[in-house]
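Taken from TrEMBL as is:
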type     : residues : note
TRANSMEM : 21-44    : transmembrane segment
TRANSMEM : 56-74    : transmembrane segment
TRANSMEM : 86-106   : transmembrane segment
TRANSMEM : 112-132  : transmembrane segment
TRANSMEM : 144-165  : transmembrane segment
TRANSMEM : 185-206  : transmembrane segment
TRANSMEM : 265-284  : transmembrane segment
TRANSMEM : 296-316  : transmembrane segment
TRANSMEM : 328-347  : transmembrane segment
TRANSMEM : 353-377  : transmembrane segment
TRANSMEM : 389-412  : transmembrane segment
């Protein structure tokens with residue numbers, strides 16, 4: 001009966017909504033540590049006032065993430081996806097815990113030594129991010145689009161969650177001694193717990209869900225070698241029996257062919273994150289001036305971005321809002337670049353209401369367009385090709401983040417005491 005059940009069409013399989021919840025938590029885990037770093041940037045500005053923490057730490061993080069994802073994608077077809085994702089989440093757990101240890105060891109004091117230690121931990125975040133994001137998006141791309149969307153929603157939930165916690169801890173500890181530091185430590189402790197939870201969920205719960213087993217067996221039958229360890233963890237040992245003996249049926253497109261067929265999706269993902277990261281978060285912390293909200297202003301802007309990014313990742317569920325036409329996606333992506341001069345003039349001449357509106361639009365369009373591309377692109381391909389395409393798209397996503405972070409420094413041109 002078990003065999004018959006597992007070979008039913010995927011929409012009839014039990015465990016889809018449970019899988020969506022697990023994917024959302026795994027998405028939270030892939031970004032909560034880094035988002036915690038960004039959200040407690042006001043603490044690091046207090047400890048390291050002369051080192052531009054939000055800009056420097058992001059610039060340290062991205063080369064490691066981009067370099068790692070390029071190497072892993074090149075070897076994607078031979079990689080053990082289970083081991084890759086478990087290593088990534090474990091590295092996140094250890095690195096986040098090390099931030100707490102570093103702060104306790106230095107007693108919250110600044111200086112070059114602690115800053116170098118902080119940068120080293122952030123570099124390990126970059127390694128973990130590339131390991132997990134490429135592995136998870138590639139793995140989920142060979143399943144139903146709802147699971148990819150749930151994972152991407154989890155990334156946005158991580159941002160909204162950290163922003164809500166940051167506002168709460170700032171209000172709770174604002175008048176207490178070392179309030180910023182206490183809030184930061186609470187943040188990092190919660191992040192460490194979430195990362196540990198993700199390790200356990202991915203190791204023991206996710207591979208045993210019926211819908212996940214169905215799609216992985218389907219991918220194995222189409223020649224995928226990346227899912228064998230996950231199937232073994234689910235109690236399916238003889239994965240060689242699932243593979244069709246006719247090798248001609250298991251021929252897959254090369255990474256180059258996949259990229260050429262989806263170059264517009266890849267470039268659009270790159271451009272989405274160039275635009276977003278050239279504004280968020282560095283510009284919000286250092287270039288928005290002083291307003292009635294005082295030192296709450298940057299935190300409110302980050303929170304608004306994260307909340308609308310989360311909303312944007314759900315809007316593709318409404319079919320009349322989901323953009324599936326490739327030309328319309330490109331037009332929407334390029335239109336976002338009008339936001340850059342809008343932010344410049346609003347920071348110079350506008351008030352905080354206009355800035356909050358602009359950052360909301362930035363977050364909404366970022367989430368919406370990202371989910372549209374990542375759920376549409378893998379359609380029509382076989383399991384191994386979907387996995388490879390997911391990894392290729394993550395390269396362009398992280399490349400866009402890296403380029404955006406580098407361009408973010410241009411806002412400092414002409415600013416007094418910028419360097």
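Cβ coordinates are placed from backbone N, Cα and C, and glycine is handled just like the others.
TrEMBL entries are annotated by machine, without manual review.
Note that this is a predicted model, so its numbers are computed, not measured.
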_Ranked first among 86-106, 144-165, 185-206, 328-347 for CB pairs under 8 angstroms with the transmembrane segment (296-316)_ = 144-165
*asked:* Please report, as numbers and ranges, the same-chain residues at least 6 past the borders of the transmembrane segment (112-132) whose CB is under 8 Å from any CB of it.
replied: 29-31, 33-34, 37, 44, 47-48, 51, 56-57, 60-69, 72, 84-85, 87-89, 91-92, 94-95, 98-99, 102, 106, 394, 398
_Using a Cβ cut-off under 8 Å, which residues of the same chain at least 6 positions beyond either end of the transmembrane segment (185-206) come close to it?_
19, 22-23, 25-26, 28-30, 32-33, 36, 39-40, 85-86, 89-90, 92-93, 96-97, 99-100, 103, 162, 165-166, 169, 212, 233
*asked:* Counting a contact as 3 or more Cβ pairs under 8 Å, with residues at least 6 apart in sequence, do the transmembrane segment (144-165) and the transmembrane segment (353-377) touch?
replied: yes
*Against which stretches of its own chain does the transmembrane segment (21-44) lie, if we need a Cβ under 8 Å and a gap of at least six residues from its ends?*
53-54, 57-58, 61, 88-89, 92, 95-96, 99, 118, 122, 125, 128-129, 132-133, 136, 140, 147-148, 150-155, 157-159, 161-163, 165-166, 170, 180-181, 183-184, 187-188, 190-191, 194-195, 197-198, 201-202, 205-206, 209, 281, 285, 295, 298-299, 302, 306
